[in-house]
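To start, the structure itself, in structure tokens.
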Amino acid sequence: MALLTPEDLENINRQLHEADSTVRRVTGLDIKGVCKDFYGTTPCCEKVGIVPVTSGNGIIGNFSESLRAITEYFGFDSFVTTMPDVSGYYEAVRNGAQIILMADDNTFLAHNLKNGKIANNQPCTGIIYAEIASRYMKADSKDVLAVGLGKVGFPGAAHLVNKGFRVYGYDADKALLEKTVSDLGITPFEPENPRRFSIIFEATPCADTVPESVISDNCVISTPGIPCAISRELQEKYGVELIMEPLGIGTASMLYSIL
């Protein structure tokens, strides 16, 4: 998946509210409700320490403050440490953090210091977006198209298979597609023989990966991928329910998974 930019995180609260409205239309629950029902957990005054990390490409502008806004949106008490890196971790623990959130170029993690549970953003994001898609109340079948089968897409596709969906998978990386077909038993999707789906799960860092030939009227596209998998024109033409938000849904999944 692509690294986020400060522009992706602008107006994060507005993006969360819009995503919440769409998730509620699609599933009957808001994001918190889906996470609570899926993980069987509820926040209870956990204090979250957000630690900026300077390694690799450095700190993404707005990232830590966006995490603070997201955690508070979902009912957690949170703070951003003054210091980054190891000093920030020490500061977070000394100031009573029960959960640590921190990220470098490769890993975004949540660690519950009380119970020892730890979560990685990539599988948590794939799984929760797949879970939301699986709950689409207007789905006309158990067939799902999964586009992108990497570190986010594979866990999502596996989750859908485990829930009993018939998953048709596509990835531009043929070796990755073949491995997923072998590991999960999904059906490889052939673009030259298109069919339409009411549920589409997309997890790539590329734009316009969902062609018109696979879109059905009022389908749901659940995608953590940035940029957007579908054009605005196609979204409006087919009345697509688009679930797409840069950071909050995946973060909520991480937090609920470690409570």
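A Cβ is built for glycine as well, from the same backbone N, Cα and C atoms used for every other residue.
In the three-state DSSP scheme, Ala103 (L-pyrrolysine binding site) is classed as strand. Taking Cβ-Cβ distances under 8 Å and a sequence gap of 6 or more within the same chain, the neighbours of Ala103 (L-pyrrolysine binding site) are Val53, Phe63, Leu109, Asn121. Summarising the annotation, Swiss-Prot assigns L-pyrrolysine binding site to Leu4, Val53, Ile60, Ala103 and lists similarity to another entry as the type of evidence.
For Lys151, Val152, Asp171, Cys206, Pro224, Ile226, Glu245, the entry in Swiss-Prot reads NAD(+) binding site.
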Site of maximum Cβ density within 10 Å, from binding-site residues Val53, Val152, Ile226: Val152
Distance from Leu4 (L-pyrrolysine binding site) back to Ile226 (NAD(+) binding site), taken between C-alpha atoms, in Å: 8
Residue from Lys151, Val152, Pro224 whose C-alpha is spatially nearest that of Leu4 (L-pyrrolysine binding site), among the binding-site residues: Pro224
